[in-house]
Structures are given as structure tokens and as C-alpha cells.
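> My questions will all concern the structure given below.
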Amino acid sequence: MGSAALEILGLVLCLVGWVGLILACGLPMWQVTAFLDHNIVTAQTTWKGLWMSCVVQSTGHMQCKVYESVLALSAEVQAARALTVGAVLLALVALFVTLTGAQCTTCVAPGPVKARVALTGGALYAVCGLLALVPLCWFANIVVREFYDPTVPVSQKYELGAALYIGWAASALLMCGGGLVCCGAWVCTGRPEFSFPVKYSAPRRPTANGDYDKKNYV
């Protein structure tokens, strides 16, 4: 596969991952009510996200409420907000950088400089994926720990929501796509090729009697 095709494929994966990360950030499904034993007949389900919480009735009616106070939020929610939004914005910067250095655009003249710009964009996408993984894994760890904590009431136990799985898939796409962009750009960075020096021997000189000197023969 050519370097340009690698860059395009990587950019497509990064764009899909970016959209998935935006969905994960906005969906109020980072944790959902855990249905355990005696509360399985409950008439409502609670969803909680980074920006709002929703209550879904058994009739299908859903009511959501946006978090009004930032200071009243837990530390993990505040950190997840900051890191996820930061990853989304960094991915936007990576998009412009990658498009500037991509072989399919003419923003920069073809050459090593253009390839290094694309390489930087791919690296930024990979960093976005890693940055998004931090709040996702941190939040999931808290949900799992509280689920198995016997001191937490059953009514307050939650399970992993769909937004976490979407976020993990988006992070994987961002890192894989960033890696493909870097691979495609690395081919065009103008790095020196490995070669072996070629030695040339001087032509043999004839002697006075017209014969070649014996020392010229090996």
C-alpha cells in the first residue's frame, strides 16, 4: 500500500474516532443503574454522564437534568470533563495539521517538510487517543470498584454505560489512525538510505616493454 493511501486510511480512521469521542463525551451513559436481585422490578433506570443525568421510566418517558453546579461534581467527573474536552480539541488541531501535511493537499510544497508536518499530525492523533483513555479507564475503575464494594447500597450501584465502550473504540481508532498517518508520512521524510561505499581501482599501466606490470594483478 502506498504512503498516500496509508495517510488517507489513517485520516479516515481518525475522523471516525473523533466523532466517536464527541459522542462519548456528550452521551449521558457513562454509568447506568445496575439491576440486582431485589431491584430488578424497578420502574425506572438512571443514566449518568459528564454533563447530565437522565431517568428513564418503564413507560419509555425520559427526563434529563443538566448538572448546574460544577463544584458539586465529583473529582472524577470534573477530570473526565477536562481531559475528554481537551482530547476533542486536540484532535481538531491534529486534523488541520494532518491536512496541511497530507500528500493529497497542496498547502505545503511536497518534500521532507510537508512529510514532517503530516508526521506531527499523526503523532497528535495518537496522543489524543491516549489522553481520552485516561478518564475512560479511571471512570470505569471507579464504577467497578463501587459495584463490588459491600458498603455501597444496592440502590446506588451502577454498571458501565455504553458511552465508555464508544469512547474506548474511539480511542483505539485514534491511535491506530495516527499510527497509519505516521507510517505514511515517514516514507516521505527524506531519511537517508543505507548504502555501501563503492571502491574503484586505478587502471593498470603498461610497462616499457608493452606488458602490464605483474603487481597490478591480484
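A Cβ is built for glycine as well, from the same backbone N, Cα and C atoms used for every other residue.
Copied straight from Swiss-Prot:
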- 1-7: topological domain 'Cytoplasmic' (TOPO_DOM)
- 29-81: topological domain 'Extracellular' (TOPO_DOM)
- 103-123: topological domain 'Cytoplasmic' (TOPO_DOM)
- 145-160: topological domain 'Extracellular' (TOPO_DOM)
- 182-218: topological domain 'Cytoplasmic' (TOPO_DOM)
- 8-28: transmembrane segment (TRANSMEM)
- 82-102: transmembrane segment (TRANSMEM)
- 124-144: transmembrane segment (TRANSMEM)
- 161-181: transmembrane segment (TRANSMEM)
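Give me the lay of the land around each of these features.
Taken together, the residues in the topological domain 'Extracellular' (29-81) have a mean pLDDT of 82 on the 0 to 100 scale.
Tertiary proximity for the topological domain 'Cytoplasmic' (103-123) is limited to same-chain residues at least six positions away from its ends with a CB under 8 Å from its CB atoms, namely 3-4, 7-8, 10, 94-97, 177-182, 184-190.
Counting only same-chain residues 6+ beyond the ends of the transmembrane segment (8-28), those with a CB under 8 A from a CB of the stretch are 1, 47-54, 64, 84-85, 87-88, 91-92, 94-95, 98-99, 102, 104, 122, 125, 128-129, 132, 136, 161-164, 166-167, 169-174, 176-184.
Within the same chain, residues 7-8, 11, 14-15, 17-18, 21-22, 24-25, 50, 108, 114-122, 124-125, 127-129, 131-132, 134-135, 167, 174, 178, 181, 185 sit at least 6 positions outside the transmembrane segment (82-102) and bring their C-beta atoms closer than 8 Å to a C-beta of that stretch.
Counting same-chain residues at least six beyond the ends of the transmembrane segment (161-181), those with a Cβ under 8 angstroms from any Cβ of the stretch are 6-7, 9-21, 23-25, 27-32, 47-49, 84, 91, 94, 98, 118-119, 121-130, 132-133, 136, 139-140.
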> For the topological domain 'Extracellular' (29-81), how many residues does DSSP put in helix, in strand and in coil?
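Grouping H, G, I as helix and E, B as strand yields 10 helix, 19 strand, 24 coil.
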